[in-house]
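S.K.: Take a look at this one; I'll ask things after.
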C-alpha cells in the first residue's frame, strides 16, 4: 500500500523583484565534484532557518522578469538520522551497466497512452513529466547552471507527444508516412513561468549536494491529457514492487521515447543512487512507482523522484559515477504541490 505522510506547510511570506537573468550559461549534462554518498553521510541536518533559505524560490516569467519568494515552513520534522545510508560496493565508470536494458517504445498505441503520454521533451535538451493540466516537473540544471539561466531557457518550450497526426489521411507523392516510423511527433507549447528552489543555487555554487535539482514549469496553455500524480518517495525497504520506472528522450536514440526500470542500490535522505541505464536527454524524467492496490485491477502510479542524470562524485579521493535521482521528500512534495495549486489546501496528504 502507499504510505501516507503528514505534509509540512510551505507558506509564502514575501516576494521581491530581481534583475532579469542574462540567459548566457551553457547547459551541463554532467556535473562534476558534487556531494556523493560519503559526503551526504557527513552533512548536518538543516535547521528551520536553513530550510526556509533552501525552499525560497526564484520565478522567471515569459517576458524575462524574475522574482524571489521567501517562504515559511510549518510542521517540518527535522530528523537527525535522516542522512544515514548503507555501505555498498563502488561502481564502475559507465552509464550503461552491462547489457543495455532500455526499451524504445515504437508502438503508437503505447506511446500515446498513459503512462507514456505523460513524458515531455524540454527545448533545452532534457525530458520532463506532466504533473497537472498546466505543469511540468523537470531537473533544475536543465534551466540553470547554478550561476545563471542556460541559453535557450529564455524562450522555453515543452514538447507534448502528438496523439494524432494532422491531415486528411492522403499521402503526398514521395512523402514518407510518419505514423509508422515509431518516432513521436511533438506539439510545442510555450512556458509561462518557471520555479526553481534556492537550494539548487546554493548546492551547485557551494558544492553541497544535488538535493534541490528540480524545477516546475507552468505552461502557457493547459493540455487535456492524463498526467501523473505526485507521491512521497519511500525508503528502499518500503518500496512497492522494489522497482522504479521512468521514460525520457535519450540523446543516443534520437527522437525515440525510451523506457526503463530497475531497483535502487543506495539512498540518502534526499537522493536515490541507481543502476538504471540512461543517457543524456533523459535528465528531468519523472521517476515513478507502480502499485496494484488491493481489490483493484488497474495499476496505480505516482512520481516519487526526478532523474538528475549521470553525475561524477568524489568517493575516497576517486571520481566515481552514479545515476542519481532527487527524492520527493515531504518538504519537496509540499513545495511542488504549492507551485502547482498556488496554495497548500490540496497538499496536506502525500
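Using the three backbone atoms N, Cα and C, a Cβ is placed for every residue, glycine included.
Please treat TrEMBL annotations as automatic predictions, because they have not gone through curation.
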S.K.: Between 140-161, 162-183, 184-205, which stretch does TrEMBL give the note region 'Disordered'?
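M.R.: When 140-161, 162-183, 184-205 are checked in TrEMBL, region 'Disordered' belongs to 162-183.
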S.K.: Using DSSP, what is the helix/strand/coil residue split across the domain 'Peptidase S1' (111-256)?
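M.R.: Residue counts in helix, strand and coil order: 24 helix, 44 strand, 78 coil.
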